[in-house]
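All remarks here apply to the structure that follows.
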Amino acid sequence: MKRVYNFSPGPAALPQEVIKQAAEEMTNWRGSGLSVMEMSHRGREFTEILATTKADLRSLLSIPDNYKILLMQGGAIAENAIVPMNLVGSKAQPATIDFVNTGHWSSKTIEEAHKYAKVNIAASSEDKDFTYVPARDTWKLTPDAAYVHICTNETIGGVEFDFTPDVGNVPLVADMSSNILSREIDISKYAVIYAGAQKNIGPAGVTIVIVRDDMLGHALPICPSAFDWKLVDEHDSMFNTPPTYPIYIAGLTFQWMLRQGGVAAMEQVNIAKAKLIYDYLDSTDFYVNSVPAANRSRMNVPFFLKDESLNGKFITEADAQGLVQLKGHSSVGGMRASIYNAMPIEGVQALVAFMKDFEKKYG
């Protein structure tokens with residue numbers, strides 16, 4: 001059966017080399033006679049997988065030694081609660097958290113944070129339907145905030161930070177679920193980075209948390225032990241049974257990325273892929289994307305047909321061409337092409353060619 005180009009926003013496409021290797025090792029991991037899915041998480045085989053996975057991630061992102069890598073469960077949605085529970089405990093209560101609201105996922109984080117702290121919306125792009133990132137000089141920060149939170153890429157609106165904000169001595173926390181490993185970043189500018197795996201890392205089930213060591217030990221008394229970063233770190237991400245198979249696939253993805261040349265090489269490919277789509281969108285009025293160039297996401301490209309009555313035809317005909325999962329989020333409609341690291345440039349070329357043909361046919 002021919003493989004399709006999968007533009008799903010998540011769970012997203014995996015590198016074909018990773019899928020092939022996982023298939024080959026499914027029933028017998030490297031001569032062990034075991035599938036990774038049935039290994040003891042404390043056995044020699046999985047301990048090796050875990051250590052290699054964490055070491056490769058540290059290498060890919062140049063993570064400094066004073067940062068811990070935690071492999072957790074619950075996705076970024078769970079971290080919306082876990083982050084404040086871990087960071088506000090040492091502050092006078094109620095603590096204040098500053099948020100920059102750039103869209104759907106930022107809003108979800110803010111909604112959850114109200115349960116644990118006072119919330120200050122330091123900046124928001126809601127005035128223009130979340131189509132931009134507010135300039136840093138417009139932010140109204142709280143001097144003694146527990147932390148400042150940003151979502152570096154909004155998958156629904158297709159809005160991405162093109163800068164790392166300077167927030168002074170207040171810890172900067174970032175949800176990087178949809179653009180981690182897609183561009184080079186300076187980890188030392190952040191106190192905490194978290195990311196669900198199912199976009200640029202692997203299948204759903206494991207959540208990456210990168211936390212500076214001075215951020216440990218500040219949990220609220222109500223924080224469940226399994227979600228206390230200090231305890232998770234002390235138990236090497238095995239306070240409870242970890243999501244072993246998603247960790248294994250994440251490890252294969254990290255090794256694939258290293259073979260491609262690492263994050264710097266991936267970033268150049270991602271720039272090229274995004275440019276192909278945006279250049280075409282800017283050349284026509286048949287399709288519309290309203291995000292300013294500086295804030296356009298390299299990972300998620302939403303676009304709309306000027307004649308929305310053609311939406312159904314677009315999806316049906318794209319599916320027939322092996323271009324799948326292009327329907328936009330239900331909250332905004334239209335179309336969305338998610339072009340994470342695993343999407344080859346050939347897939348983007350095929351999509352743009354289809355879009356041009358569709359315009360000729362119906363424009």
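For all residues, glycine too, the Cβ spot is worked out from N, Cα and C.
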- If Swiss-Prot says Thr155, Asp175, Gln198, Asn240, Thr241 bind pyridoxal 5'-phosphate, which of Trp105, Trp139 does it name for the same site? Trp105
- Using a Cβ-Cβ cut-off under 8 angstroms and a sequence gap of six or more, which residues of the chain neighbour Thr155 (pyridoxal 5'-phosphate binding site)? Pro9, Gly10, His104, Trp105, Ser178, Lys199, Ser297, Met299, Asn300, His329, Arg336, Ser338
- Item | Cβ-based isolation winner (fewest other Cβ atoms within 10 Å) among the binding-site residues Gln198, Asn240 | Asn240
- Note on the structure: Checking the binding-site residues Asp175, Asn240, Thr241 against Arg42 (L-glutamate binding site) with a 10 Å Cα-Cα cut-off, in sequence order, leaves Thr241
- In which DSSP state, out of helix, strand and coil, do we find Arg42 (L-glutamate binding site)? coil
- Message: Let's check the environment of Arg42 (L-glutamate binding site): how many other CB atoms sit within 10 Å of its CB?
- Response: 11
- Task: Could you tally the C-beta atoms, other than its own, that fall within 10 angstroms of the C-beta of Lys199 (N6-(pyridoxal phosphate)lysine)?
- Result: 30
